[in-house]
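Novice: Okay, so Swiss-Prot annotates it like this:
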BINDING   165-172, 190-194, 212-215, 280-283, 320-322  GTP binding site
BINDING   172, 192  Mg(2+) binding site
DOMAIN    1-158  domain 'Obg'
DOMAIN    159-339  domain 'OBG-type G'
């Protein structure tokens with residue numbers, strides 16, 4: 001099950017108490033203090049785990065506590081330090097304070113390990129409190145308490161390219177054809193219920209990661225449909241690929257305008273992202289001359305509209321994922337766009 005948001009409770013370990021002890025040996029009647037220090041409590045760390053892309057394991061285990069430090073012993077023996085807790089999260093997980101929603105750390109690189117809570121300091125044994133006025137101190141420090149925090153884990157998948165489109169326009173077919181991703185593909189809306197990542201091998205030396213999210217509908221920024229819940233997963237992408245469908249009721253230009261507006265309402269940053277456009281299902285030539293005329297007319301209308309808006313870096317490509325036409329050209333265009341885009345994580 002895909003889970004991209006969960007809250008958990010974390011606590012570091014308490015420091016161990018210092019010992020009150022006196023040296024006891026044969027022929028030494030009044031030995032001095034020899035109480036050891038308590039061990040420090042364990043810390044709480046968060047670490048990127050590249051072997052997972054979901055927070056589902058946290059649904060059943062929401063409390064994480066490091067071990068307490070052990071008390072000090074005689075003969076100045078220090079107590080054992082408490083074991084740390086290491087919480088492993090997917091790449092792209094943000095750690096926030098649950099109450100204030102303030103960002104604590106963004107786990108956006110791998111490898112990466114960050115200490116969230118330090119364990120309590122162990123108490124000093126009575127050895128430290130001997131002085132001229134008190135040769136046999138009977139006092140030792142208690143260990144300091146650990147820290148506690150209620151945190152929110154928010155996963156934002158990291159990809160180079162984010163697919164954007166209405167439901168059932170061919171996004172899942174496209175990503176499954178280009179990459180190793182295997183989303184469900186069927187002829188009904190909202191086939192894609194969760195985000196999918198796929199690695200596209202562009203050539204012998206280059207590859208990029210593509211993200212497919214559930215389809216967006218008009219009004220998504222206000223909570224309609226499924227796409228709004230997953231738009232955060234394309235916020236980190238360096239490039240957006242709009243998938244438009246000539247078979248829809250809206251024209252190609254209208255589709256792009258609706259999708260762009262929903263992205264801008266969700267995050268103004270997304271509206272500034274470099275993008276390209278693919279026209280899916282361009283293999284429907286068997287529908288006759290009327291379809292071909294409609295396709296050419298709407299494509300020209302979209303090109304003129306984008307030219308007026310001043311988007312020189314964008315491209316428009318007709319493709320067919322079923323017949324695999326236009327896909328090599330698409331990968332080439334995406335690769336070029338990523339290479340000139342500083343936000344890319346191109347490998």
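Including glycine, each Cβ sits where the backbone N, Cα and C put it.
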Novice: Averaged over the whole of the domain 'Obg' (1-158), what is the pLDDT?
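Specialist: Value for the domain 'Obg' (1-158), mean pLDDT as a whole number: 91.
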Novice: Among the binding-site residues 171, 281, which residue has its Cβ surrounded by the fewest other Cβ atoms within 10 Å?
Specialist: 281
Novice: How many other Cβ atoms are found within 10 Å of the Cβ atom of residue 168 (GTP binding site), counting all protein chains shown?
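Specialist: Within a 10 Å radius of the Cβ of residue 168 (GTP binding site) lie 20 other Cβ atoms.
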Novice: Quick check on the binding-site residues 172, 320: which one has the highest count of other Cβ atoms within 10 Å of its Cβ?
Specialist: 172
Novice: What does DSSP assign residue 214 (GTP binding site), in three states?
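Specialist: DSSP assigns residue 214 (GTP binding site) to coil.
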Novice: Around residue 165 (GTP binding site), how many other C-beta atoms are within 10 angstroms of its C-beta?
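Specialist: The Cβ of residue 165 (GTP binding site) has 26 Cβ neighbours within 10 Å.
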